[in-house]
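Read through the structure below, which is laid out as structure tokens, and then see the notes.
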Protein chains: 2
Amino acid sequence: MSSSSRAVARLSRVAGHIATSKPSTRLSSSSAAAIKMTHTRKHKVAIIGSGNWGSAIAKILAENTKQHTDIFEPEVRMWVFEEDYQLPSSHAAYSESEHSKPRKLSELINQLHENVKYLPGVPLPENLVADPSILSAVKDASLLIFNVPHQFVSKICDQINGNILPYARAISCIKGVDVSHEGISLFSDVIGRKLGIYCGALSGANIASEVALEKFSETTIAYDPPGTLTPLPEEFPVINHALWKSLFHRPYFHVSMIHDVAGTSLGGALKNVIAIAAGFVDGKGWGDNAKAAVMRVGILEMRKFGLMFFDSCKSETFTEESCGVADLITSCAGGRNHKCAKLSVLQKRPIEEIENEVLNGQKLQGTLTAKEVNEFLKARGKEDDFPLMTIVHKILIGQAKVEDIPHVI
Amino acid sequence: MSSSSRAVARLSRVAGHIATSKPSTRLSSSSAAAIKMTHTRKHKVAIIGSGNWGSAIAKILAENTKQHTDIFEPEVRMWVFEEDYQLPSSHAAYSESEHSKPRKLSELINQLHENVKYLPGVPLPENLVADPSILSAVKDASLLIFNVPHQFVSKICDQINGNILPYARAISCIKGVDVSHEGISLFSDVIGRKLGIYCGALSGANIASEVALEKFSETTIAYDPPGTLTPLPEEFPVINHALWKSLFHRPYFHVSMIHDVAGTSLGGALKNVIAIAAGFVDGKGWGDNAKAAVMRVGILEMRKFGLMFFDSCKSETFTEESCGVADLITSCAGGRNHKCAKLSVLQKRPIEEIENEVLNGQKLQGTLTAKEVNEFLKARGKEDDFPLMTIVHKILIGQAKVEDIPHVI
């Protein structure tokens, strides 16, 4: 990004802060027109991952590449971790001759235009092509979207390294961050470093099943590349905020573009710890005042965490963006962390027991993050600066009681 | 407030913004000690109003005056609008000889230490004295707390004008603001102007019945007096943020002191308009993503309104304080505006019909505020700058549909 366009973006942010409730870096239609006029090549889009959230995002990408054919190649390749799947005979498209035995998931997706295993019932655009070969999926793609379970990020990057365009740019839709006592890694940073490209981040109040059904929501995309990247050939439309917005924004999925990648990623991890606190309070029946108080203090602790440990973090990412305050609201309204914490108080049982019953063997993100964040803070002597996150961890390990929460906030 | 203490408060705010999640102007215990050492007289507290919210606040005041007898006279006078009340025979203290006929409400409160009509079941401190004479209630009070229905503010001020201490200071706990096409009045300003004293404001995520039951909550008190007031005699403890905090803060009712009176007051009015939007979205079943998006945009529109029309408004009052984001969260979780709006969509009936059934003749604050805010904005050509508040009003008057909400935000 040039210094002059940085200045414009900064001014636009300041003006937005004062004078508009719309996301501050929404670009005008004239900027969008400017992208489209000076290029002779189009961007090819690949998405790595095809789970519930991956398929919902893939659907959005393919809808937009079909709509903006002046910027994007219509076809979007989606890498599918191949597996055999037996189509249920109750499926409308079931035919005895074709589906009496398990078939490859990628074939079923391409035949039925539906991810029958991970996003059943949602029609996918025909220009979205499932590809079981990751190298084939990313070939010639100048825009790479990552949406895989976080434990696979590193291995997948090793697989495709050297097989992507050196001037590709990426967005990670992987929720959260990787915290340990050693430090915090952003998945976008891991991807960027491993592949030698730049990767931004998408996060927001986005329950995948609701997005897939085109229920209205908002999201935040953070993208702030350094000036030292392999340059994009001039024949391509420039990859900037307006371009990413053209790729992700839908009438039912509103995108706010910002620069704060760390803040955008942190919100998706830390909110789970706060949602556990809110669940505890709800379990006690302390009412809506108390829950709102915990959420308010939670937003401020999340922000404090970001500002303390990441130079690039911005206060408003937490207090104003979908990836901050809105995602927290959603998670405290009905997310699984909130639900399990509430049940553990109501039933006076350890949260692990509830987790095992309710989540079918999956692990709660919030309890793990509370532990990891606590190790990270303890290693830096900063537990006392984050009393709410600290007491959540202490309650989880039996060293404090829910009744202690009001005393520390 | 002196310029040096202003500077300290400002520095404390900046530091708090970066480094602490605690309310930014919480004063240290050493400041509290400083108040207590240099005076020979104590403050007398009066509360004007004894409804549900008035009685809950009166309970807090009396608990604190009894605890901090070095600063306050223990007795708190509460003005009660006198009426006859028949104690139900089911009441534990009912005696045939005393309660077979209706009695004066103020007498019952003083006999039973319970506001049997407006806050039944909640024991009130014995140092809280109900007084049916407003002139007697405010006599010699240096600290006046206003907590009456807003339509009575003006008349009550006329009644007590000239009968209060000229150096008294006040806090208004009256929710909201008075909006018309002519302008916006803060109730604290009306009180201050009519009585020739200074009045601050208290507002937050405070459902009265929950506060009365000592369920944990937070509130915001804004106090920013000019330097031109009738000086407080030197024998009194200085009236500053620490003093107000000593009067209102309880283990179950945490107080954050700020300077932004307009922002504190606006939140309590404008949130009702946003709660209607959230109720519409819930009625449509659009899910938690959509509701969080509407709430996020709502916070930013509330802030924009404050910053556009009040020079003294601060952004963070809306995004960080209990009177802003937390009060909005509470109102969108289960408040009456949210509830009636949701039911009106679910049952496809006008909100007025729901209002009549659910509220027993009371009027919804949010529909009235939406109309008043719209008149105010229209008179200034600013409707388009507040698309969410504007569309809520248009939906209410049948000129738009709930489905239009995502298109404008």
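If you go along the chain as it appears here, the first residue is 1 and each next one adds 1.
For all residues, glycine too, the Cβ spot is worked out from N, Cα and C.
Computed from a predicted structure; not experimentally measured.
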Residue among A:PHE81, A:PHE236, A:PHE309, A:PHE310 sharing the NAD(+) site, where TrEMBL lists A:GLY49, A:SER50, A:GLY51, A:ASN52, A:TRP53, A:GLY54, A:PHE152, A:ALA208, A:ARG336, A:LYS363, A:GLN365 as binders:
A:PHE81
Could you tell me the mean pLDDT the prediction assigns to the domain 'Glycerol-3-phosphate dehydrogenase NAD-dependent N-terminal' (A:44-224)?
96
Report the DSSP secondary-structure composition of the domain 'Glycerol-3-phosphate dehydrogenase NAD-dependent C-terminal' (A:260-405) as helix, strand and coil residue counts.
118 helix, 0 strand, 28 coil
Looking at the binding-site residues A:GLY49, A:TRP53, A:LYS175, A:ALA208, A:LYS363, which has the shortest Cα distance to A:LYS271 (active site, proton acceptor)?
A:LYS175
Looking at the recorded positions A:LYS175, A:LYS271, A:ARG336, A:LYS363, the one with the fewest other Cβ atoms inside 10 Å is A:LYS363
State the three-class DSSP label for A:TRP53 (NAD(+) binding site), counting H, G and I as helix, E and B as strand, and everything else as coil.
helix
How long is the line from the C-alpha of A:LYS363 (NAD(+) binding site) to the C-alpha of A:ASN337 (substrate binding site), rounded to the nearest angstrom?
10
Here are the binding-site residues: A:TRP53, A:PHE81. Which has the lowest count of other Cβ atoms within 10 Å?
A:PHE81
